[in-house]
Amino acid sequence: MAVKLEQLIAQTILQGFDAQYGRFLEVTASAQHRFEQADWHAVQQAMKKRIHLYDHHVGLVVEQLKHITDQRHFDAAFLARVKEIYTELLPDYPRFEIAESFFNSVYCRLFKHRDLTPDKLFVFSSQPERRFREIPRPLARDFTPKGDLSGMLQMVLNDLPLRLPWENLPRDIDYIVAALRQTFTDEQLVDARFQIANELFYRNKAAWLVGKLRLPEGIFPFLLPIHHNESGALFIDTCLTSKAEASIVFGFARSYFMVYAPLPSAMVEWLREILPSKSTAELYMAIGCQKHGKTESYREYLTFVHQSSEQFIIAPGVKGMVMLVFTLPSFDRVFKVIKDQFAPQKEVTQARVLECYQLVKEHDRVGRMADTQEYENFVIDKHRISPELLAELQREVPEKLEDLGDQIIIKHLYMERRMTPLNLYMEQANDQQLKDAIEEYGNAIKQLAAANIFPGDMLFKNFGVTRHGRVVFYDYDEICYMTEVNFRDIPPPRYPEDEMASEPWYSVSPNDVFPEEFRHFLCTDLKIRHFFEEVHSDLFHASYWRGLQARIRDGYVEDVFAYRRKQRFSQRALN
């Protein structure tokens, strides 16, 4: 009997998702090999490749459907039946939640992000209470010290799948035991139960052992980052046991982990106990399922809007020359729309801004660039928009608005984690907070530069402060690769009058940057200047930047630590 067209369409979409997630798992499964080979450039390429896989397979399915349907027009009832049939395929499907997101992506690609209604696509999940049913094998193994914590740790570490030798395993075990005893008493550790994930979490130049420490007092993270030394032997770099530290490791400003997760919902639920402050969206993104994370972000937004009566307002801070930014007062995200026209001093184009945001999505964010989710045809009830914001939207982005009377559609925007703008934070900070913020700001600049990213516009207003006090870059319209910039020293004046002239006495090309000038716009406040000179004066010297460029061009990939250097075991040994 011939298969109905709607049945064929539903099956084609699900088969396309199977192919996509199969390739996703293949790339992920190779992470151990890349780590063991210390092939850090392959690590970076695999990260980009895995991100691209999703859109690539959506495109393949769209082309298949165009061929199957001969691109005919379908009414709303037909499209609703396709979704119903697809839903019937999912009750026993192990990755149903991401399969729903894949269906949404295919629908949006086919219909240009129009007519996004719950009867035609999965605005909300078809199985909101279901996480997972049966797990083919346990996600983690249990270990107990039984009076010998060092012996248990040796068993855990020797049982890892890594095929490289340890530099000095007894030393590292002593470090871990000492770190645990700094936080927990011997009485607590005697009764401890360690749950260790079967899969390692790979990112950058580290393989992370992720576990839980179960005590009568509660559940604590147990995180061990494993690194290479110069000879290719392994060592444990630190031990993290607080939920705040774990939150930073799995933070929204970091690249996605490579962890083999055939059942992503099971992995998300397992992680939730040690990352209670993370939303479902953030957890999916952390393990590389960023498109489903985007779906969950939108659902979290819809839930918030439904449960509150707040109006959208212009986001606090200095207004941008390229982006219009708005938010809801109690919501933890902001919305960013590219303006139709930029300020005259901005030479960037709309296309270039889109490229910059995509660059950030694909690049190693090193904990210093906020991840973004991109949406098209974003619908907002007009009565929820403050008069000031509505006027701003109509003035700055009229080409991106569609007025439906009681609703407006914003044709394109980004959703991003909300932070306190650094300039506002510094205005309210005491001396110690100000010093810490300056140190964090400089560290952010240096870590971005080491990862081959030059922020372009380094003003404090383009950076935010997270709830953990970390400084993160979030304004990407002038971002570029470090290797594209020409860092120059300002030539000495030819005559005394040169320094008084309104125009420079030296030629300036488009990619020229003079780090000496940073001091003039970053350090107008004497207190800020003092703190800056104390910890980051090297940023004002072109030689520092050229040195970083030389390392990048030589192919060196810098280490990225999701914790402070003083927490490293090597630093503790020195102290």
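The backbone N, Cα and C atoms fix where each Cβ goes, and this holds for glycine too.
Note: TrEMBL annotation is automatic and uncurated.
Marked as active site by TrEMBL: D371. Sequence-distant contacts of D371 (active site), defined as residues of its own chain at least six apart whose C-beta falls under 8 angstroms from its C-beta, comprise F252, A253, M285, Q290, V360, K361, R365, E416, R417.
In sequence order, P421, L424 constitute the residues six or more apart from P316 (ATP binding site) in its chain with CB-CB distances below 8 Å. According to DSSP, P316 (ATP binding site) sits in a coil region rather than a helix or strand. According to TrEMBL, the ATP binding site annotation covers A315, P316, G317, V318, K319, G320, M321, K336.
Each residue in the domain 'Isocitrate dehydrogenase kinase/phosphatase (AceK) regulatory' (10-308) has a pLDDT score, and their mean in this model is 93. Residues or ranges marked as domain 'Isocitrate dehydrogenase kinase/phosphatase (AceK) regulatory' by TrEMBL: 10-308.
Sequence annotations record features per position, and here TrEMBL assigns domain 'Isocitrate dehydrogenase kinase/phosphatase (AceK) kinase' to 310-564.
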Other C-beta atoms that fall within 10 angstroms of the C-beta of K336 (ATP binding site): 24
Which of V318, M321, all binding-site residues, has a Cβ with the fewest other Cβ atoms inside 10 Å: V318
A315 (ATP binding site) CB neighbourhood, other CB atoms within 10 A: 20
K319 (ATP binding site): tally of other CB atoms within 10 A of its CB: 14
Packing count at G320 (ATP binding site) (other Cβ atoms within 10 Å of its Cβ): 21
